[in-house]
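Provided herewith is a single structure, encoded as structure tokens, for subsequent inquiry.
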Amino acid sequence: MEEEKSFSAWSWSVEQCLKEYKTRLDKGLTSEDVQIRRQKYGFNELAKEKGKPLWHLVLEQFDDTLVKILLGAAFISFVLAFLGEEHGSGSGFEAFVEPFVIVLILILNAVVGVWQESNAEKALEALKEMQCESAKVLRDGNVLPNLPARELVPGDIVELNVGDKVPADMRVSGLKTSTLRVEQSSLTGEAMPVLKGANLVVMDDCELQGKENMVFAGTTVVNGSCVCIVTSIGMDTEIGKIQRQIHEASLEESETPLKKKLDEFGSRLTTAICIVCVLVWMINYKNFVSWDVVDGYKPVNIKFSFEKCTYYFKIAVALAVAAIPEGLPAVITTCLALGTRKMAQKNAIVRKLPSVETLGCTTVICSDKTGTLTTNQMSATEFFTLGGKTTTTRVFSVSGTTYDPKDGGIVDWGCNNMDANLQAVAEICSICNDAGVFYEGKLFRATGLPTEAALKVLVEKMGIPEKKNSENIEEVTNFSDNGSSVKLACCDWWNKRSKKVATLEFDRVRKSMSVIVSEPNGQNRLLVKGAAESILERSSFAQLADGSLVALDESSREVILKKHSEMTSKGLRCLGLAYKDELGEFSDYSSEEHPSHKKLLDPSSYSNIETNLIFVGVVGLRDPPREEVGRAIEDCRDAGIRVMVITGDNKSTAEAICCEIRLFSENEDLSQSSFTGKEFMSLPASRRSEILSKSGGKVFSRAEPRHKQEIVRMLKEMGEIVAMTGDGVNDAPALKLADIGIAMGITGTEVAKEASDMVLADDNFSTIVSAVAEGRSIYNNMKAFIRYMISSNVGEVISIFLTAALGIPECMIPVQLLWVNLVTDGPPATALGFNPADIDIMKKPPRKSDDCLIDSWVLIRYLVIGSYVGVATVGIFVLWYTQASFLGISLISDGHTLVSFTQLQNWSECSSWGTNFTATPYTVAGGLRTIAFENNPCDYFTLGKVKPMTLSLTVLVAIEMFNSLNALSEDNSLLTMPPWRNPWLLVAMTVSFALHCVILYVPFLANVFGIVPLSFREWFVVILVSFPVILIDEALKFIGRCRRTRIKKKIKTM
């Protein structure tokens, strides 16, 4: 197999290829040959990569630090609930609420993760759909018209016809028609169908585009028919190599910047949680283990209380629950989903949620040219003819960049009655042409060759020769309904005037095509269009503006060639136009019955017919840049994002477009910025890295898939965050490898779309820039709500730590903390995702990959705010037990018993207090319920703590609502960034308070969460205790602003 794999079939003659593959054109392979080769090469099908089993995918979802901590907390909570060891937290169903909710969250998270993973490799499935199902094959001297394509082997002789999908990589052995065109844009990125022939290509190391005698699996024959020799099948085909590259790229997929930050944060949080949990448990060791000491150091009479040990262990578990922001994954997912909706409104369809955030830190955009930077609609931008004499030219500029006949026109067109020369231009462009235009999906599209469609649109902009006749065709220029052909009235007028009687098809030798038409005067005329140099070389005369003919001499040829050179330097594709009236034996040709018809069946005779031509003019066409791309390139430059254009087009065209879109300045030296793919790859690795690391734009032309992948891989190794655009099958590996793969929605193949992270509905580069801006805004908002949620959790941790350190009863139980983290915090955190974007968001450089979510100053703020949260929640608990009033507001209106702070600290020793301690019943819910302690006064510190625990929980909720207002802006005061700037946040706060009231005032839920209703007086106390968090953070923001101003001044003076 190695021998065939290394055999460059394109660089060898057909006879040598037949000898190499041991086959014959007249008989094909024998059945015995097929069997032997089948055993050696296998079937012609793409390999099925082994996917991960379901159980493996499920386990992977739990391979996360935070998830492992939650699993541990859930397991311990379940065991303690099952053993009935929960101290003062109820029994039965209520005891299992906490582990049940945690496990439910983890299961939902795993389901989403498995679903995303199982859909990740759809690109490979889409690739398989491109494969051909059957082929017309010659074996044992017999034609098999519908042999299953999977049964092909190297050496098979296959016939291809118009519309056939190529079943394998094959060497063209001969054409059965004058020309053969294959649509291979999905594989190579070439915009137009490619001419194929049987002549060898004298290059062993040849680009895919240069293999003009090869047809590739998955491409389609659009014109002509041929006979081919199968050279590669299955995974050895070009499409097979792409599948292998997609698979390898998927293995190289790295985590998104945010995922890395969250993992890093998770690891640090794990360490902190373990330390604090152990510390909390150890602080209270005297409450569950005691001993006497003899001889100064020997412990005796050791007493151990398993009940109290598990109780304080439960507190440690509660601390873990408090420290972990359980609602964070859900809020992040919600924020990203909201971001996708915003992007969809801007024509950016996000397929993978994490890519929304990754867009925000993009540092390099690698963009294709065709269809992304350009319109992917060929248009004539200028044409020239000779003037009144052979030494002058007339140049006409044409506006409009689409196939819409009414898009633009000919600039300063004063030819209401066209002269003979311009009439010849219009006649050739409209009749020597097989293309058309149709209207679909609010877009004008071409049928046939794009260049020919552009010529027909040019004719519509020119109008018809006589002004008086234009009134008769004006009404029919309106296009029909969606999906139908567009009526090209001017072209129809020319086609009715001059009837086409024969076509001389294009071939690559003469580089032209022509038609014989019957003119109104009864004479035949040959209309020719083709490569401008080739047309000029075969022209003997030229037509002047008045229609007169003059012989072409050297000076007039120089004038034409100079103008042609100017046009090509602008990146225009130039087509020469000519005609011929003296047709000899074809002067009266009218049908296939004509005696000279045999000559028209022989393409080798066409070049003799197309001689002594009359030169008419040259039309310059191009795929024009989108109008908005130049502005988008400048936005990228302002935002610190580098743009690199990677295209399959030739170097001069690519450079011209890049200069026009202002990627390069007009007189910029491009020697270090513009390379062909082959030139770049031939450089040493160190030199390539140096080129890629330099600032400014880059353009890589004639780039192959492997070149794109290598450029992306090198950029990623340099620490860049790379966005890559593509539309073809050949782009799929690079799309998969890039941090952000962006496929084209209009021109993109299904393979490219499935391999991408995002699809552009309008194929427009400026949409990428808008998406980057949205990604940056989303990241800033995510940072706001992450900081908000973490600061809330720090407060919860400090609250539990203070409870344990002071030795008082726990003021909140795990299920309450879980409710706060998941439900109460959720709406405000999500609403912070709606914060308006900063005005200068695209004036700042991309954030660095090592940019911290939490820097030292933010950490100090967390600790200060968290400390207040802890003091407030524990303080209200202590106040209820020990104080009769707070700021003049009575706390004992419910009739509860006051105790000293010392008693509260030593509540676990209550049983030893004897009859000295009694607890009177107190009322809740406006006197509708009484909590009594008749059997055991010590229950006052367990069952009786339901009211102070409710106060602590409500203070925590209220503080976190006020703290969400602080998160509106990282540095700006609420005076400059008022809450109504984000009305969704006010709605979310209302929802969270409403949810809290539901669990307070619905008896069943109140029992589940171990709380009771509060009175109006108690709510007033809650607000008084909670509101200062806003004043504290305002002071911290002021200090932060002063600190930043001081740093800026210091930098300026350095």
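Cβ from N, Cα, C; glycine included.
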Figure out which of E655, E660, E960, E970 sits with N793, E796, T824, D825 in the Ca(2+) 1 site per Swiss-Prot.
E960
On the question of membrane sidedness, does Swiss-Prot assign F75 and P809 the same topological domain?
yes
Taking residues 6+ outside the topological domain 'Lumenal' (803-812), which of them lie with a CB under 8 Å of any CB in it?
88, 280, 283-284, 287, 312, 315, 318-319, 322, 796, 873-874, 877-878, 904-908, 941-942, 945, 948-949, 952-953, 956
Using the centroid of the Cβ atoms of N793, E796, T824, D825, E960 as reference, list every other same-chain residue with Cβ within 8 Å of it (recorded Ca(2+) 1 site), in sequence order.
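Filtered neighbour residues, in order: M789, S792, G795, L817, V820, N821, L956, V957.
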For the transmembrane segment (1017-1037), find every same-chain residue at least 6 residues outside the stretch whose CB is under 8 Å from a CB in it, and list them.
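Cβ under 8 Å, 6 or more out: 861, 864-865, 868-869, 872, 875-876, 886-887, 889-891, 893, 951, 954-955, 958-959, 961-963, 965-966, 969, 971-974.
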How about the transmembrane segment (854-876) and the transmembrane segment (813-833): at least 3 CB pairs under 8 Å, pairs 6 or more apart in sequence, or not?
no
Counting a contact as 3 or more Cβ pairs under 8 Å, with residues at least 6 apart in sequence, do the transmembrane segment (983-1001) and the transmembrane segment (783-802) touch?
no
Where T824 (Ca(2+) 1 binding site) and D368 (active site, 4-aspartylphosphate intermediate) are concerned, what is their Cα separation in Å, rounded?
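Cα of T824 (Ca(2+) 1 binding site) to Cα of D368 (active site, 4-aspartylphosphate intermediate) measures 46 Å after rounding.
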Look at the binding-site residues N793, T824 and tell me which residue has the greatest number of other C-beta atoms within 10 angstroms of its C-beta.
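Result for the most crowded candidate: N793.
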In which DSSP state, out of helix, strand and coil, do we find E960 (Ca(2+) 1 binding site)?
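SS state of E960 (Ca(2+) 1 binding site) = helix.
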Sequence gap of 6 or more, C-beta under 8 Å: which same-chain residues meet both conditions with respect to E960 (Ca(2+) 1 binding site)?
S792, G795, V820, T824, D825, P828, V869
Please report the DSSP secondary structure of T824 (Ca(2+) 1 binding site), reduced to three states.
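Where T824 (Ca(2+) 1 binding site) sits, the three-state DSSP reduction gives helix.
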